[in-house]
Amino acid sequence: MLRIADKTFDSHLFTGTGKFASSQLMVEAIRASGSQLVTLAMKRVDLRQHNDAILDPLIAAGVTLLPNTSGAKTAEEAIFAAHLAREALGTNWLKLEIHPDARWLLPDPIETLKAAETLVQQGFVVLPYCGADPVLCKRLEEVGCAAVMPLGAPIGSNQGLETRAMLEIIIQQATVPVVVDAGIGVPSHAAQALEMGADAVLVNTAIAVADDPVNMAKAFRLAVDAGLLARQSGPGSRSHFAHATSPLTGFLEASA
């Protein structure tokens, strides 16, 4: 069971809604993933329509919506988008994203911290997308963020846990949930994140662009469950030396 702020989740896999070929495929994949928390870019929702092709199927699926501020380049823009999301969707939960460079989509640490502090004071449950910077993650935690979402690699790159060493430090020192966000490309990456101590992962591109998104979503669900179970089972420690699994000389001594 994963608890973030006032909500609990059975699934440790969060999913996104972008890049799917259709809204029907998106919903089928989300259901197959078992995800209970789904991110939604406000810039993709047409609030003027009574029947939005993205929003309505998600509401019908019964998932918790996590609107994000993707597209914001400054703290001011993100705060404005956050208030629009709260008014439109009736939720104070927010994935805070501020990335000024459209080529790399790397989060701006200064603007993110500034926006996070303000939004927490304004009553939002803030989950910030951020770089894998242990100092920044601690600062975000200190200003009241409900979780931190450090990247594994650039958004949509499918490179996996390129920031593993920093993620390990973040996980070790965090007192709020750590959700590895961005760069996870295959189910084994998700399993590794849970094994190393992450509380959850957020996956979008790897599922949405797969040849079979529904089965890929199932694969991620199983991988996350496996990674969590492996961690809870207490894996053996790594060693630079070999350790025999059975006696090497006992049978020789017995026959002497």
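Keep in mind that glycine also has a Cβ here, set from the backbone N, Cα and C atoms.
Record note: Swiss-Prot gives ALA182, GLY183, ASN204, THR205 as 1-deoxy-D-xylulose 5-phosphate-binding, and the candidate from GLY156, GLY234, GLY236 in that site is GLY156.
Cβ neighbour density within 10 Å is lowest for GLY156 among the binding-site residues GLY156, GLY183. LYS95 (active site, schiff-base intermediate with DXP) sits 13 Å from ALA182 (1-deoxy-D-xylulose 5-phosphate binding site), taking the C-alpha atoms as the reference points.
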